Amino acid sequence: MISVGEALAKVRERKPLVHNITNFVVMNTTANALLALGASPVMAHAEEELEEMVRIADSVVVNIGTLDKFWINSMIKAAKLAKEYGKPLVLDPVGAGATRLRTKTALEVLKIGATIVKGNFGEISALLGEEGKTRGVDSSTYDPERAKELALAVAEEFSTIVAVTGKVDYVSDGKRVYAVYNGHELLGRVTGTGCIVAALTGAFVAVNDPLTSAVSSLVVFEVAAEKAAEEAKAPGTFHAKLYDWLYLLTPEDVERLKKIEVVKV
């Protein structure tokens, strides 16, 4: 079984530098989440500095939430550089399936090479050419049985680790599927929570193996959400408490509170 506590301890000890090419909505949010966890964030989008930044970073996170032609060029270049320099890359295909541009961009990055792909049911469906399941940047449908199948199929198709988020999260390496049962309904009332998970995944995969990282980032974030919800009953306070608990959680806490299992598909 995956040791989430050990994975968290490695992040805290090594404080990896995570290079984020992310969207306008969540830059501040994800930077603060990484700092609270114990990692170091950098948000760099200019194509002219990408090679220097990727070279010094421990991992790269590409989030397609607010696209334009300049950012797309930077994302493609960052993916190529991550591959060249052997840096793990996390892809968050925000809103894939909602527009052709988003789906095309996500697939371009994915085909260059992504270590981990994290998305909701609709976004991951779009990567297999299934349409009509993404509304804006949120998934309009969720089928737990199909989510398991999607995680396995996309992981196998693109030789990557896939995390499909939802009421239950499913993570696969193309052979096994892990279910993560942690979380809280207030996560759906705060923008950018999925983007935070992608950023945290970047921190974990900088110092852990990809499958462990994908599972551990979900568990740590969702246990933090559970603890935050014990102290906050509405979205504003809950959001602030999320940062507190990303900072306060110990490896022992997450080992005790994790709810994961290997499931059959």
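Backbone N, Cα and C define each Cβ position, glycine as well.
Here Swiss-Prot flags Met43, Gly192 as substrate binding site, drawing on sequence analysis. What Swiss-Prot lists as ATP binding site is Lys118, Thr165.
Where Swiss-Prot records a feature, it is marked here on the structure.
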residue : record                 : CB count, 10 Å
Met43   : substrate binding site : 17
Lys118  : ATP binding site       : 32
Thr165  : ATP binding site       : 26
Gly192  : substrate binding site : 23
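Taking the C-alpha positions, the distance from Lys118 (ATP binding site) to Gly192 (substrate binding site) comes to 13 Å.
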